[in-house]
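Asker: So that we are looking at the same thing, I have put the structure below in structure tokens.
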Amino acid sequence: MKIGILSRNPELYSTRKLYEAAIIRGHQARIIDPLLCYMTIASQRPTIHYKGEELTGFDAIIPRIGASITFYGTAVVRQFEMMNIYSVNESVAISRSRDKLRSLQLLSRKGIGLPHTCFAHSTRYTKDLINQVGGAPLVVKLLEGTQGIGVVLAETQKAAESVIEAFKGLKEQILVQEFIEESGGADIRCLVVGGKVVAAMKRQGAEGEFRSNIHRGGKATVVRLTPEERATAVRSAHIMGLNVAGVDILQSNRGPIVMEVNSSPGLEGIETATGKDVADEIIRFIEKHTKPGRTKTRGKG
């Protein structure tokens, strides 16, 4: 097969590993910067050009679309779909997962465990908003934030009011969520491929840090999932319509709590922590499921 890997940086660990895994499995592979693609929207023959040449002959693509290029990146993925090329994660599913509010609404509809969350436009009822999530301490989260950026722990009522009003004063869209204290600054990242958890790690935040992101100094170790945690991760990926997903779970007193479903999960941390070859699992999944025109939208909402 001929596989395109949509990534802006060929030197990134995840991009490199996917490229190498495809080559090892006997496929042709090419890394394509989606921002350098340009497309012709035509009813009879849609095309994509890249650096002056038309891209042809691809059987499948692996989108590695960063949050900062979601709009254009998903447009490129959608154009490949219009050309009957299989995408391991579809454009609509990527867009769905990038909208934190939409994701939470879809997951809640299906009964997935979530943190108590509020969303509001006005700061007029901030006190009641805070009460709705159980009061301080609470977490204020930018809708557009990634890798722990734009996530603030407000430990008191006064601090919570100040943070919410400050973000709103900057015209930012925010979520207000309960703080799951019993998680102890740790979460579980489950890597789901084709409806199965192929690897899982526990990430512990640095001392004094409630965010567990490895980018912020968190430490990763292999973890054994409970059946409920495994089922929650698989169901969450399915609800979002993602074949490949990183599902972030907190362990709470009321069971697994899903914090995020990521459509372009990094591979370095989880492969290093678990010793699992996740890139190989993704290529094997593509081998089994690639068919021309197989771009039926998965998930709803």
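Keep in mind that glycine also has a Cβ here, set from the backbone N, Cα and C atoms.
Annotation comment: Swiss-Prot describes 104-287 as domain 'ATP-grasp'. According to Swiss-Prot, the feature ATP binding site maps to K141, E178, F179, D187, R211, S212, N213. If you look up Swiss-Prot, you'll see D248, E260 marked as Mg(2+) 1 binding site. The Mn(2+) 1 binding site annotation in Swiss-Prot covers D248, E260 and is backed by sequence analysis. Among the features that Swiss-Prot reports, Mg(2+) 2 binding site is placed at E260, N262. The annotation Mn(2+) 2 binding site is assigned in Swiss-Prot to E260, N262 on the grounds of sequence analysis.
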Asker: From the binding-site residues D248, E260, N262, pick the residue whose C-alpha lies nearest to the C-alpha of K141 (ATP binding site).
Answerer: E260
Asker: What's the number of neighbouring CB atoms sitting within 10 A of the CB on D248 (Mg(2+) 1 binding site)?
Answerer: 21
Asker: Looking only at Cβ atoms, how many others are within 10 Å of the one on F179 (ATP binding site)?
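Answerer: Excluding its own Cβ, F179 (ATP binding site) sees 19 Cβ atoms within 10 Å.
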Asker: Hey, does DSSP put F179 (ATP binding site) in a helix, a strand, or just coil?
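Answerer: Going by the DSSP assignment, F179 (ATP binding site) belongs to neither helix nor strand, so it counts as coil.
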Asker: Distance check, please: Cα of D248 (Mg(2+) 1 binding site) against Cα of N262 (Mg(2+) 2 binding site), rounded to an integer number of angstrom.
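Answerer: So the Cα of N262 (Mg(2+) 2 binding site) lies 8 Å away from that of D248 (Mg(2+) 1 binding site).
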Asker: Would you count the other C-beta atoms found within 10 angstroms of the C-beta of E260 (Mg(2+) 1 binding site) for me?
Answerer: 19
Asker: Using a 10 Å cut-off on CB atoms, tell me which of the binding-site residues E178, D187 is the least crowded.
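Answerer: Counting other Cβ atoms within 10 Å of each of the binding-site residues E178, D187 gives the minimum at E178.
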Asker: Cβ distance under 8 Å to N262 (Mg(2+) 2 binding site), same chain, sequence separation 6 or more: which residues?
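Answerer: Residues satisfying the criterion: S97, A245, G246, V247, D248.
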Asker: How many Å separate the Cα atoms of E178 (ATP binding site) and E260 (Mg(2+) 1 binding site)?
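Answerer: Rounded to the nearest whole number, the Cα-Cα distance is 14 Å.
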Asker: For F179 (ATP binding site) and E260 (Mg(2+) 1 binding site), what Cα-Cα distance in Å is obtained after rounding to a whole number?
Answerer: 15
Asker: What's the CA-CA gap between D187 (ATP binding site) and E260 (Mg(2+) 1 binding site) in angstrom, rounded?
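Answerer: That separation, Cα to Cα, works out to 11 Å.
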Asker: State the count of C-beta atoms found within 10 angstroms of the C-beta of K141 (ATP binding site), not counting that atom itself.
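Answerer: I get 22 for this one.
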Asker: Determine the mean pLDDT over the domain 'ATP-grasp' (104-287), rounding to the nearest whole number.
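Answerer: That stretch averages a pLDDT of 91.
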